[in-house]
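Okay, so here's the structure we're looking at.
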2 protein chains.
Amino acid sequence: MDIRETFLKLDKQFTSYGGLDPRGITRLLYSEEWRQAVGALQDIFKENGLEVSSDAIGNVSGRLIGSEFPDETIMSGSHIDTVAEGGHLDGQFGILSALIATLYLKEKYGQPKRTLEVLSIAEEEGSRFPYTFWGVKNFFNLQNSDDVKDITDDEGIKFVDAMRDSGFDFRTDDKVRDDIKAFIEVHIEQGQILEKEEKQIGVVTGIVGQKRYTINLKGEANHAGTTPMGYRKDAVVAFTEIAQTLVQKAREIGDPLVVTFGSVKPVPGVVNVVPGEVEFSVDTRHIDEEELNAFAKTVESTINEVADKYGMTADINLWMEQSPGLMDESIVKMIEESAEKVVGDSYKVMPSGAGHDAQIFAGYMPTGMLFVPSIGGISHNVEEETDIDDLVNGIEVLAETLYKLAY
Amino acid sequence: MDIRETFLKLDKQFTSYGGLDPRGITRLLYSEEWRQAVGALQDIFKENGLEVSSDAIGNVSGRLIGSEFPDETIMSGSHIDTVAEGGHLDGQFGILSALIATLYLKEKYGQPKRTLEVLSIAEEEGSRFPYTFWGVKNFFNLQNSDDVKDITDDEGIKFVDAMRDSGFDFRTDDKVRDDIKAFIEVHIEQGQILEKEEKQIGVVTGIVGQKRYTINLKGEANHAGTTPMGYRKDAVVAFTEIAQTLVQKAREIGDPLVVTFGSVKPVPGVVNVVPGEVEFSVDTRHIDEEELNAFAKTVESTINEVADKYGMTADINLWMEQSPGLMDESIVKMIEESAEKVVGDSYKVMPSGAGHDAQIFAGYMPTGMLFVPSIGGISHNVEEETDIDDLVNGIEVLAETLYKLAY
């Protein structure tokens, strides 16, 4: 079996479920394109002698049953959904890697001792409905059905109607599988670290923890001409002081700490009024929970100090808080050894700055993850791309690792 | 004649043209409310023996003809239009001051030597159509009819149709009056300086010059989790550095220099993406043209330096540039003497940070301007207010000054 040719063929096929030209793949949860992809995957499983199964909400598996320990499962996969106008590798590459590695091992070594399972996770991106990790949450019975009952997509279609129209429904039991002994996810890096450091494989130590805030600073709106600088309570000026202070501190603390002010909305937001109010976002991430918590304290105290200094009020809303999801040390070691075998020393042990399904698995079983480089760090975009050699390397490193775990 | 009672009565009447409760006066150019106010003013002129005239576009005058020099006019007034949901003093108080001062002088001293003229300027705010100073520009034949030909209001009504429906039309001659020997405008301060310094009258030395920019900074959009701080070209971070640097420099230079960043629009403007682009506004003002030009150079060089430092591009668009409009020194002196007579030393000689019709007059004839305090500095708002004692003082200072000029 030629891994490269197989990947190119399958990638072309799955990319057609949601299109690519001219603006990328759109394969949203429970859409027609999503159903095509899930159906095609099940067909491929069957054609290749994998045992097909699906849970209530649409997580789909293909299993190659083990000879000695059929009830011990080594699982690999990723999510089948995409963002709107996304690329052809995010999620899709993880599923195809798992499929190709499994078929490659089957062809080369025959039946494994432990069961190998390829998993297609129904949803991760939260692109159609405002709910993320629907797939993996259901996998571990973490979903809250009440949270999705009333949500709709942009066209007003209800989540539950879309789900039922696709032939799925809420799960009715609370069983969580205990047969899975390891989970490995392959993913594109979605960053520039591997490319800039000229590495072929990223061996992921964990998914960074993150905190997201919405801050509302209230000063005083005034006429931009008639209010001397000393009389102003300019919320934008206060924001710029906060941002400069925090960026400076983050740089001093160093990688992998990041802080981002992605959204800034002054009120009233016109050229000739001193902005009396500003709403801005803070997103901060670190792989070390203590470091993350310490920086979050700095974020909050800096905002309060600057607000006090200018006689403003600050409303600090921490609306998202996620602990780091650490990968299993022995699996990390195993992936590292596999990477060394495939690409020599051209790999990097690194945290993942983006969230992935693997972070949920990590709470339940030994979990590992590996990255392939993203050209220009671009993802969630039609321009998302990875060199074909790097993609093949990624599949080979996964196959090597699954071999160690299952044969 | 009781100035206070007369003002209260007239203010109530004119406030009714556009309402006040619950959200302020809306009296937009060529609207029904505007026509009511202009018509009522002409009626009052007639009833009080003033000679009524109007130009082609709706600037309206009431003249008390002088005995010795009927062709030498001493003029006072302001604009009759308001912003949407504005207050009852902005513009309106300037017209009523001119009217009341003129009638007061007529009653007390009879016919003046020079002609006294009360002017209602058709438009200043640019609130209905995107064109400001339509009234005063026509007064000096500075309007560009092509600029208004295709503009419409929020409801799609064309400027020209609104004008013609009100009985007005483009001017057909290019004559500019040469009889006006002085123009005085009374206005609310729209700032907090008089209130904070506990002064009753502002004697205006000039209208600050101003420059307005729209800046587009282009860096690189990246994933907020996967992009280390050192790899980023974060346009919001660059903006905050620019703003902090410029605010710091403006504070060092000191009053009356002001700089404002009222509009900030990051792209894509979401919490988890490093903003690759930001569009922001800069509004800077100073009464001294050299100081203003020097600071504008600092604005531009700071933006370019920060953009260079981060490898970004900066598109700097200076789209509004207005030179300071200096008041006539002898008129300033005269108003100062009048203020001293009315309020003792409780006046302040100061620049105006806001634009006013007087700045256009200042280019053509000896011009003066005086302020009354704004409570809390609030204007363009239903809460715009001034203590009645201060309003009466303002009218008295104007009357005193007109007396010196016309009797």
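Positions of Cβ are set from backbone N, Cα and C atoms, glycine also.
Going through A:D90, A:D173, A:D174, A:D178 against TrEMBL, the one listed in the Zn(2+) 1 site together with A:H79, A:H187 turns out to be A:D90. Only A:D90, of the binding-site residues A:H79, A:D90, A:N272, have a C-alpha within 10 angstroms of the C-alpha of A:H380 (Zn(2+) 2 binding site). Using Cα positions, the member of the binding-site residues A:H79, A:D90, A:E125, A:H187 nearest to A:R212 (allantoate binding site) is identified as A:E125. Across the domain 'Peptidase M20 dimerisation' (A:206-310), the prediction's mean pLDDT works out to 96.
Compute the center of the Cβ atoms of A:H79, A:D90, A:H187, which mark the site for Zn(2+) 1; besides them, the chain residues with Cβ within 8 Å of that center are A:S78, A:L89, A:G91, A:Q92, A:F93, A:G94, A:E124, A:E185, A:I188, A:H356, A:D357. For A:N272 (allantoate binding site), the same-chain residues 6+ apart in sequence whose C-beta sits under 8 angstroms from its C-beta are A:H223, A:A224, A:G225. Those binding-site residues from the list A:D90, A:E125, A:R212 that have a Cβ under 8 Å from chain B Cβ atoms: A:R212. Taking Cβ-Cβ distances under 8 Å and a sequence separation of 6 or more, the neighbours of A:E125 (Zn(2+) 2 binding site) in its chain are A:H79, A:D81, A:T82, A:V83, A:G86, A:G91, A:T132. Separating the Cα atoms of A:D90 (Zn(2+) 1 binding site) and A:R285 (allantoate binding site) is a whole-number distance of 21 Å. Annotation for A:R285 (allantoate binding site): spatial neighbours A:V208, A:G209, A:Q210, A:K211, A:P256, A:L257, A:V258, A:L292, A:G353, criterion Cβ-Cβ under 8 Å with sequence separation of six or more.
Mapped onto DSSP helix, strand and coil, the domain 'Peptidase M20 dimerisation' (A:206-310) counts 43 helix, 35 strand, 27 coil.
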